[in-house]
Amino acid sequence: MTMNLHFTKMQGAGNDFIVINGIDQPFQLTAEQIQTLAHRQFGIGFDQLLLVETSKVADFKYRIFNADGSEVAQCGNGARCFVRFVVDQKLSNKHEISVETASGIITPKLENNGLVTVNMGAPRLSPSEVPFIADAAANSYVLEVADQQITISAVSMGNPHAVQIVDDVEIAPVVALGSQIEVHPRFPERVNAGFMQIIDEHHIKLRVFERGSGETLACGTGACAAVVAGIQLGRLQSPVKVSARGGELHIAWQGGNSPVMMTGPAVAVFTGNIEI
Ligand SMILES: N[C@@H](CCC[C@H](N)C(=O)O)C(=O)O
């Protein structure tokens with residue numbers, strides 16, 4: 001049986017999504033159907049699919065699916081697009097909205113200037129809190145990949161990140177190395193691989209090879225994880241501007257259990273219907 005899905009295509013710093021109202025339009029998609037929709041030639045094309053639903057514990061719930069169909073727990077750029085979608089669709093008259101995700105409740109706020117600030121919650125850093133790493137004894141360690149030894153900082157923003165510092169992010173082997181780090185045996189749940197170039201203590205350039213989606217033009221949780229890693233290593237100071245290929249994000253973190261605050265754009269590109 002086919003169904004007709006109404007969707008909104010959105011982007012946040014170039015990380016692109018389709019957002020679907022699952023409240024008025026309840027449905028289920030298989031991983032294969034999501035892969036087809038995500039395909040840039042045979043489908044609509046997107047990095048992640050976001051599904052807005054009702055919640056018993058927050059204003060809304062949203063679910064996140066990578067382009068390969070895997071469901072994941074957190075998405076920073078998606079959280080900004082989520083609030084823009086909810087406000088534009090008049091699903092709420094609030095501009096600061098609590099949203100249940102698979103890794104807890106976060107609160108995105110649509111600012112008067114059109115940017116969105118998200119309280120992403122505290123990063124998880126200790127090995128016991130970063131269960132995505134097998135056998136980790138510390139959150140910064142050496143990983144053997146492709147006959148190289150790479151120093152990685154492991155940070156969970158609700159989803160797993162392995163961040164490394166590079167001299168020049170433009171020539172870093174983000175796809176070649178990132179695709180191997182993503183599936184490295186140390187990461188049983190796979191991982192998002194970040195490549196960060198430090199420009200100065202308040203500015204980095206970042207590229208991320210995302211788990212389940214490949215390299216994207218920006219990764220919100222990746223930006224939070226990179227800034228947290230840089231601050232932990234004594235190389236960065238809050239606030240930090242993150243320049244991604246698709247735009248800029250601003251990240252602030254006061255350390256410890258304080259939340260990571262992320263500010264950036266969220267833009268609706270077009271709406272459409274697709275038979276699936
Ligand atoms: N693009 C996202 C992250 C999406 C999920 C990620 N690929 C994962 O598998 O954890 C962001 O902006 O944070």
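Glycine is no exception: its Cβ is also placed from the backbone N, Cα and C atoms.
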Which of these, Asn93, Asn112, Asn192, Asn257, does TrEMBL say binds substrate at the same site as Asn15, Gln48, Asn66, Gly76, Asn77, Asn159, Glu210, Arg211, Gly220, Thr221? Asn192
Check the DSSP secondary structure of Cys219 (active site, proton acceptor), expressed as helix, strand or coil. coil
Per 10 Å Cβ neighbour count, which of the binding-site residues Asn15, Asn66, Asn77, Thr221 ranks highest? Asn77
Please report the Cα separation of Arg211 (substrate binding site) and Cys219 (active site, proton acceptor) in Å, rounded to an integer. 11
Rounded to a whole number of Å, the separation of the Cα atoms of Asn66 (substrate binding site) and Cys75 (active site) comes to 10
Checking the spread of the substrate site as listed (Asn15, Gln48, Asn66, Gly76, Asn77, Asn159, Asn192, Glu210, Arg211, Gly220, Thr221): what is the longest Cα-Cα distance, in whole Å? 16
